[in-house]
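Data first, discussion second: the structure below is written as C-alpha cells.
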Amino acid sequence: MLARALLLCAAVVCGAANPCCSHPCQNRGVCMSVGFDQYKCDCTRTGFYGENCTTPEFLTRIKLLLKPTPDTVHYILTHFKGVWNIVNKISFLRNMIMRYVLTSRSHLIESPPTYNVHYSYKSWEAFSNLSYYTRALPPVPDDCPTPMGVKGRKELPDSKEVVKKVLLRRKFIPDPQGTNLMFAFFAQHFTHQFFKTDIERGPAFTKGKNHGVDLSHVYGESLERQHNRRLFKDGKMKYQMINGEMYPPTVKDTQVEMIYPPHIPEHLKFAVGQEVFGLVPGLMMYATIWLREHNRVCDVLKQEHPEWGDEQLFQTSRLILIGETIKIVIEDYVQHLSGYHFKLKFDPELLFNQQFQYQNRIAAEFNTLYHWHPLLPDVFQIDGQEYNYQQFIYNNSVLLEHGVTQFVESFTRQIAGRVAGRRNLPAAVEKVSKASLDQSREMKYQSFNEYRKRFLLKPYESFEELTGEKEMAAELEALYGDIDAMELYPALLVEKPAPDAIFGETMVEAGAPFSLKGLMGNPICSPEYWKPSTFGGEVGFKIINTASIQSLICSNVKGCPFTSFSVQDAHLTKTVTINASSSHSGLDDINPTVLLKERSTEL
C-alpha cells in the first residue's frame, strides 16, 4: 500500500492526469487506469502478485534464486574454452544448450504483438495493422507531466547537444573483439530487409510488411519491383557482365526506382532490391554477391530439376537463400558478436517440440537498438588506398575499379569501431544520429531503465553505474538530471561494455530476443516447411545446411578470398590517401537532401 501511495502521490504532485504515468506495474504487469486517479496492475501469468506485481510466487522465487546474472552467464560462455570444446562435440549437450538459448530469448518477445505508437493498450488494430512497427513497451501516455512519465525534467535536452556532448567521436576507438567492415556492411545490408521506415507517414510506420527475413532487399519489396529485376528465364535475376564478372543491371535497363543524386552517370546507377543501397559501395558489394548467389543456385536447381519452369526455380532459390541467410546470421554473425566459446547452431528441429509461434513483428525499439553507426571508420581502406566519406558515398565506380575480390579482402582486414562505451559516433552520421533521437522522442519511448526491466535486467541507480566512469556520467547528469529519465538510444551507446566486448549488457540482453525470434520465427523454420522437398530436394537442403560467410564468398567471388567477421591481425597496414580532405566528411558534403529523402536514420 505504501508503494502505491507514493506512486500516486508522485503523479498527483507532478500534475499527472494518468495514474499509469509512473509505470507502477513491475515484472511485465499491465497497468490499467481506473477512473482518473487510480490504477490496477494485471499480474496474470507474470509469476508475481500484489498491487504492483512485486511479490514473487513460490516457483518464481525458486527460479530467481537459481538463475545466474547475465554477467555470470557471459563470463561462463566466454571462458573455459577447453570445456566448451568438449561440449561442442557432444551433440545432445550442444542441442540442449542451444534449445535453451533459443527458447529463453525468444519467449521474451510477445507473440502475437501487443502495442504500437498509437495504441498503448491491446487492440485489434495494433495486432492486425502491419504498416506499424510493434512496440516492446507501450508509449508513455500523452498526459504525463514529463516525457518519461513522472521522472526527469519537463523537457528533454536538445538532441543536437546530446549527440555532440556524449556520442560524437573524438578519436576512433577500434572494437576490441576485432569486428571488421565485412561485418559492418553485412549488418547494414541484412537489416534493411525489415528496417524500412515509412518516413512520409512517420517513424512508427514501416514499408516492410513481411516483418522479417524475406530477402526483399535482394528481390524487392513489391511484386512490380521484383518483376522488373527478373529475367523470367531459368529463375534468374537480371544482371550485366563487367570485366568478366556479374554485377547488378542498371536503373535504365530495369526501370527500377533507386535513390541516386542526379549527377551520378547512368552506367553507375545499379538497380537492386533495396532502393537505398546505392548509397555505399559496401552495400552494393553484398547486393552483388547475393545476386550472384541467387543465379548460381538457379543453375544448381535447373540441373537437378530440368522439368521445372522459371517460376518454381525462382521461388525455390529464394527460399534457399533465406535459409542460407539465417544460417550465416546465427552461426557466423551472432556467433562473432557473442564472443562465446559455445558454438551456436542453426537447427529448426530443436524447436519442433516446443511452444513456438512461426510469426514475427519488427519492433520500433529493435530498429533503434540496431543503430550501430560507431562501427563505421573514419576512412575506408581498399587495396592500399583510403577513401573518405565524400569519396565513398554514392560511388559505385570504386567497386568496379577495385572489384569484389579486393573489397572482400580489404574489408576483412579493416577493423570496425566499438559500439558501446566512450564517444565513437563518426561525424559523417551526426545528423542521422540526431534524427534517430528525435524520432524515438516522437514515438514516446519509455526510459532506458524501463527497457532494462522489460528485459529482466536490474535498473541502473546512477549515471556512473551506467557508464562505468565519472566524466561521461557528469555530462549525462547535467543533461538529464535523473537516471530514470535517461533515453534508450544514447544510453545504449554510452553504456559500459563488457570487458573486451563491442556492446554493453543492455544491447545484448534486449537485442538477442528480437534477433532470435525474428530468425527462428521465419516460416521456413516451421515443421511444415523445414524438409528437403521445400528446397528442391537434398541438393538445395545441403546448400542451406553447409552455408557460411566463407562458402558464400567462395561460391561467388573470384579467387575465393579468405573472409570472416573479425580481423585476423589487429595491426592495420599503412595506406595512401587519395585526394582526401584533412577534415571528416559530414552529411553536408554528400547532398543531405538526397540522403535524408528516405530512411536516413537506418543507414
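Glycine is no exception: its Cβ is also placed from the backbone N, Cα and C atoms.
The signal peptide annotation in Swiss-Prot covers 1-16 and is backed by experimental evidence.
According to Swiss-Prot, the feature disulfide bond maps to Cys20-Cys31 (among others). Secondary structure at Cys31 (disulfide bond), as computed by DSSP, is strand.
Under the three-state DSSP scheme, Cys144 (disulfide bond) falls in the coil class. What Swiss-Prot records for Cys21-Cys144 (among others) is disulfide bond.
The disulfide bond annotation in Swiss-Prot covers Cys25-Cys41 (among others), and the record cites similarity to another entry as its basis. The Cβ of Cys41 (disulfide bond) has Pro24, Cys25, Gly29, Val30, Cys31, Met32, Gly50, Glu51, Asn52, Cys53 as same-chain neighbours under 8 Å, each 6 or more residues away in sequence.
Annotation comment: Swiss-Prot describes Cys43-Cys53 (among others) as disulfide bond. The Cβ of Cys43 (disulfide bond) has 22 other Cβ atoms within 10 Å, all protein chains considered.
Counting every protein chain shown, the number of other Cβ atoms lying within 10 Å of the Cβ of Asn52 (N-linked glycosylation site) is 20. Under the heading N-linked glycosylation site, Swiss-Prot lists Asn52 (among others), citing sequence analysis as support.
Sequence-distant contacts of Asn129 (N-linked glycosylation site), defined as residues of its own chain at least six apart whose C-beta falls under 8 angstroms from its C-beta, comprise Asn116. If you look up Swiss-Prot, you'll see Asn129 (among others) marked as N-linked glycosylation site.
Per Swiss-Prot, active site, for cyclooxygenase activity is recorded for Tyr370, and the stated evidence type is similarity to another entry. When other Cβ atoms within 10 Å of the Cβ of Tyr370 (active site, for cyclooxygenase activity) are tallied across all protein chains shown, the result is 19. Secondary structure at Tyr370 (active site, for cyclooxygenase activity), as computed by DSSP, is coil.
Residues or ranges marked as heme b binding site by Swiss-Prot on the basis of sequence analysis: His373.
Same-chain residues at least 6 positions away in sequence with a Cβ under 8 Å from that of Asn395 (N-linked glycosylation site) are, in sequence order, Leu268, Pro281, Tyr387. Taken from Swiss-Prot, the feature N-linked glycosylation site covers Asn395 (among others), and the record attributes it to sequence analysis.
Among the features that Swiss-Prot reports, S-nitrosocysteine is placed at Cys525. The Cβ of Cys525 (S-nitrosocysteine) lies under 8 Å from the Cβ of Ile326, Pro348, Leu351, Tyr358, Leu519, each of which sits 6+ residues away along the same chain.
For Cys554-Cys560 (among others), the entry in Swiss-Prot reads disulfide bond. In sequence order, Ile553, Cys554 are the residues of the chain that are 6 or more apart from Cys560 (disulfide bond) and have a CB within less than 8 Å of its CB.
Positions annotated as N-linked glycosylation site by Swiss-Prot, on the basis of sequence analysis: Asn579 (among others).
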Reduced DSSP assignment, Asn129 (N-linked glycosylation site): coil
Looking at the recorded positions Cys43, Cys144, Tyr370, whose Cα is closest in space to that of Cys20 (disulfide bond)? Cys144
Can you grab the distance from Cys144 (disulfide bond) over to Cys43 (disulfide bond)? Cα atoms, rounded to a whole Å. 23
Which of Cys21, His373, Cys554 has the fewest nearby Cβ atoms, counting only those within 10 Å, among these recorded positions? Cys554
Cys53 (disulfide bond) has its Cβ surrounded, within 10 angstroms, by a count of other Cβ atoms equal to 22
How far is it from Cys43 (disulfide bond) to His373 (heme b binding site), counting Cα to Cα, in Å? 38
